[in-house]
Amino acid sequence: MKAKDKAVSTVGNPFMSKWSGALPDETEEETQERLQELQEAHKRSKEIDEFLQEGKRIIDQRKRAVKILLLGQSESGKSSVLKNFQLAFAPRQFENERIVWKTIVQLNLIATIKIILDALKAEWESDSSLPRTPLGDPLPASPARNLRRIRLGLSPLFFIEANLMKLLCPETPDSRDVCVRAGSGWKALLSARRKSSPNRGDDLGRRRSQVLNNENDPTFVLAAQRDDIISLWSDARVQEVLERKRLRLENAPGFFMDDVARIATLDYVPTDSDIIRARIRTVGIEEHHFVVEKGADANSDVFITDVGGSRSQRASWVPYFDDVQAILFLAPLAFNQTLEEDPRVNRLEDSLDLWKEICQNKLLAHANLILFFNKKDVLTATLAAGVWVKKYVPSYADQPNDVIHVTKYFKNKFRSVHKHLSPIPRPFMCYETSAIDIDSMAVLLIGVRESILRQHLREGDMI
Ligand SMILES: Nc1nc2c(ncn2[C@@H]2O[C@H](COP(=O)(O)OP(=O)(O)OP(=O)(O)O)[C@@H](O)[C@H]2O)c(=O)[nH]1
Ligand SMILES: [Mg+2]
């Protein structure tokens with residue numbers, strides 16, 4: 001073959017175009033060989049450039065990654081803040097999980113219905129003082145009979161609930177709340193309900209095929225009993241019983257009784273607000289990763305670790321203190337509430353004690369601590385209902401019983417702990433939040449992420 005037949009292309013290679021001419025004393029064949037080598041060297045150099053570019057991109061992405069640990073007592077709002085993060089930064093991922101939350105909202109609704117029916121049963125069916133019919137029914141029969149009819153109609157729901165709870169929380173199927181063990185694949189389990197069943201032989205596959213079963217779907221029974229549920233909740237006698245028993249269900253997490261007309265339908269799809277308000281107790285520790293989907297920081301990573309906040313779970317937080325840039329500590333200003341796991345302990349006192357432990361923990365000496373005084377809406381409603389802070393916190397004495405003064409009082413307590421117990425000085429960052437206010441949370445979380453990132457980059461001397 002003649003040398004010019006295999007002439008090497010010089011297009012796109014600056015060296016080649018410069019050196020493509022023949023050198024003195026060089027045969028045409030030698031010229032072509034030299035050009036071939038140059039071409040290969042250029043290709044390798046391009047590959048190295050691309051490799052370095054990719055490496056730089058990955059390092060940049062890592063540098064812009066934000067790692068957050070959510071801490072706080074149970075029901076403080078950690079998982080709700082996590083959902084707000086997802087909604088603000090990864091709305092497509094949030095959208096994909098919408099179907100999962102349908103079942104959780106339904107389970108929350110069923111749990112409340114059960115509480116109401118149990119309260120009524122105790123009130124209306126165990127009254128031995130009521131005269132009885134020859135068949136043993138108490139008289140007057142109408143409320144009790146009506147209640148029994150409603151309960152009968154709803155009874156399939158309780159089987160479904162029990163089945164779902166067994167599948168979702170196999171370790172604590174009798175728990176009052178829906179609780180899910182971190183890493184158990186519960187989202188995959190529920191999202192598969194309306195998809196075809198993947199034929200997996202493992203535990204998740206087996207549980208999936210059980211959940212996939214239409215008999216485990218509360219939608220049909222809820223839709224069929226919708227009117228009864230609505231009339232149950234709007235019945236003045238029912239409200240009177242709940243009031244007398246001090247069952248303030250409206251203030252409980254996962255309360256959806258005011259939304260039954262919308263939720264108990266065949267085509268119900270949870271809204272963003274439903275999802276944020278849905279209650280699931282976290283058991284264990286779950287690490288979440290999502291990629292920012294839009295904006296200047298698109299494609300950067302966010303890692304959020306969510307923990308179970310009840311007292312028995314707090315010892316398991318420690319291994320996660322190692323590799324964290326910032327801690328978001330949730331402290332609801334629930335001055336008049338007690339812990340569910342220990343009703344002798346005031347929630348706010350517990351939050352302050354926990355805050356002390358976190359502030360003085362040497363492993364966390366360099367972590368940014370960001371305090372969220374959460375459930376501000378609940379505080380506002382509690383004070384508006386005329387509940388006096390000094391009744392629960394005597395040291396508050398006769399200071400004004402309004403949101404501004406109460407918040408300031410507790411903020412000062414948390415600030416003082418932070419100042420005196422932090423092993424090394426660090427700024428006190430604190431925000432008043434209501435995790436159910438999605439729009440305000442989005443604005444706040446964008447700012448919080450930005451400030452964590454800036455601090456992280458500054459510490460690493462990267463800006
Ligand atoms: N009204 C109101 N409800 C809130 C707020 N923040 C959270 N909640 C609700 O409170 C309940 C508990 O919130 P979660 O986020 O599950 O609490 P958590 O801290 O993750 O609790 P554990 O998983 O048990 O540790 C949920 O039903 C939330 O919707 C808030 O600011 N206002
Ligand atoms: Mg949680």
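Glycine residues also receive a Cβ, built from the backbone N, Cα and C atoms like all the rest.
According to TrEMBL, the features are:
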type	residues	note
BINDING	T282	Mg(2+) binding site
BINDING	N374, K375, K376, D377, A435	GTP binding site
REGION	1-37	region 'Disordered'
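Structure coloured by features recorded in TrEMBL.
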residue: T282; record: Mg(2+) binding site; DSSP class: strand
residue: N374; record: GTP binding site; DSSP class: coil
residue: A435; record: GTP binding site; DSSP class: coil
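Pairwise Cα distances among N374, K375, K376, D377, A435, which the record gives as the binders of GTP, peak at 9 Å. In sequence order, G77, P332, L333, F373, V378, L379, E432, T433, S434, I436, D437 are the residues of the same chain, not among N374, K375, K376, D377, A435, whose CB sits within 8 A of the CB centroid for the GTP site. Cβ crowding, taken as the number of other Cβ atoms within 10 Å, peaks at N374 among the binding-site residues T282, N374. Listed in sequence order, the binding-site residues among N374, K375, K376, A435 whose CB lies under 6 angstroms from an atom of ligand 2 come out as none at all. All protein chains included, K375 (GTP binding site) registers 28 other Cβ atoms within 10 Å of its own Cβ. The two recorded residues, K376 (GTP binding site) and T282 (Mg(2+) binding site), have Cα atoms 22 Å apart.
For the pair the residue listed as 'Mg(2+) binding site' and D377 (GTP binding site), the Cα-Cα distance reads 23 Å.
Each of the binding-site residues K376, D377, A435 was scored by the other Cβ atoms within 10 Å of its Cβ; the lowest score goes to D377.
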